[in-house]
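Undergrad: This is the structure I have questions about; it appears just below.
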């Protein structure tokens, strides 16, 4: 379930924290993906025929999760992402009552699905089919095997996958968490990516507008959320518990807006309980908000030293055997997927320019480029001055020689007249007006982008000069 109404509340109250991005914006980024959520989406989305049944092999076993996972992973890699899949471990004890409720809802949906099939109600069949889906242990193991054979890193969380994903961003081992569960923000993920598998469905179920707009994702920035809501992380956690989470019941009569106002006034749940009118707001008898809070602050996750992220070469022959022989995939289709996989691996090895600079130095990319360009200008300025001085000397000698010839003629005609002195004003070269001022770079440069504004200055600095000097700058600052 995640946090009830959280995304909408953030969109309304802290709109700067949410933005739409294209998948290209994540090129070169490591993204920690909630594997269980992805498998659930694939099983729901990829259907066969009008009865909305899962894709199956000859043995009657579901293969929608395998087909979707393989296709989507390759697509992400083709767009330059480096996916890490994180699988759920044992569910926390606090989640027991929530899981029971989900089981009851699933059972009811199965009954409604049987009735819809008897009546031939296709719309109801589609609706209830999605509600009956659950990812089995066997499907999880098959997904892990597939990813391992593809050479994709797999991490098994001791508990909640989204919590482990969030901590990977805290460890700076991943850029973002990809899941539909907003509680990843409460676990502290720096960036939350939603809709990563939005286009995972078959052609029949695809959104026709998605291809026109491109592959659009939703990005939520936790730092901007806290800034926009003007809450500390501890206050944000208590706010989310009051909104409604998987770990405990909540106070009846309190929605997201009321919860936010109460947190702003009283700062924490303890103070809220002391001050609210309990006739108006019914506090649960066994309100385990303290345990829920601790589950968000200190969830069961692997420590940084325990996390092993291995990018391996695909095991092609084993992958073919797994797909073709064990799950009856079409051989031509599998060959096509493997060809795409091998090509996509080359794309994921490309590094982002900004991450390269970040790992080298704490200076910003803009500052490094500006400093490097100034060094180029300084060198060129010195060279230009030398040329001007040499040119001046040559012209001075020529003028002196010319003057001496004139003087000699005059001396021959008028011996009594003194020799003429060369006019110093004639020696001054009009090219001196173009002597380069080193400070001109700062005046003629766009401080935001580092691009040179003045075309004349731009002619003095060729793009090849700058690109040749930047690697030297990089080498100088690498630790």
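Indices start at 1 and increase along the chain as displayed.
Placed from the backbone N, Cα and C atoms, the Cβ positions cover glycine too.
What Swiss-Prot shows for this protein is this:
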- 34, 88, 160, 162: Mg(2+) 1 binding site (BINDING)
- 47, 72, 160, 244, 246: DNA binding site (BINDING)
- 181, 183, 246: Mg(2+) 2 binding site (BINDING)
- 404-428: compositional bias 'Basic and acidic residues' (COMPBIAS)
- 1-106: region 'N-domain' (REGION)
- 124-266: region 'I-domain' (REGION)
- 349-357: region 'Interaction with PCNA' (REGION)
- 378-460: region 'Disordered' (REGION)
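Tell me about the surroundings of these features in the structure.
TA: Under DSSP, residue 160 (Mg(2+) 1 binding site) is assigned to coil, being neither helix nor strand in the three-state scheme. Residue density at residue 160 (Mg(2+) 1 binding site): 28 other Cβ atoms are found within 10 A of its Cβ, drawing on all protein chains shown.
Packing around residue 183 (Mg(2+) 2 binding site) is summarised by its Cβ count: 23 other Cβ atoms lie within 10 angstroms of its Cβ, all protein chains included.
When averaged over the region 'I-domain' (124-266), pLDDT in the model lands at 89.
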Undergrad: Around residue 246 (DNA binding site), how many other CB atoms lie within 10 A of its CB?
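TA: Taking every protein chain into account, the count is 22.
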Undergrad: Neighbour count first, Cβ atoms within 10 Å, every protein chain included; then name which of 34, 88 tops the list of binding-site residues.
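TA: That would be 34, with the highest Cβ count within 10 Å.
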Undergrad: Residue 34 (Mg(2+) 1 binding site) to residue 244 (DNA binding site): how many Å between their Cα atoms?
TA: 21
Undergrad: Between residue 244 (DNA binding site) and residue 162 (Mg(2+) 1 binding site), how far is it from one CA atom to the other, in Å?
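TA: Cα of residue 244 (DNA binding site) to Cα of residue 162 (Mg(2+) 1 binding site) measures 17 Å after rounding.
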Undergrad: Among the binding-site residues listed here (72, 181, 246), which has the Cα closest to the Cα of residue 162 (Mg(2+) 1 binding site)?
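TA: Out of the listed candidates, the nearest Cα belongs to 181.
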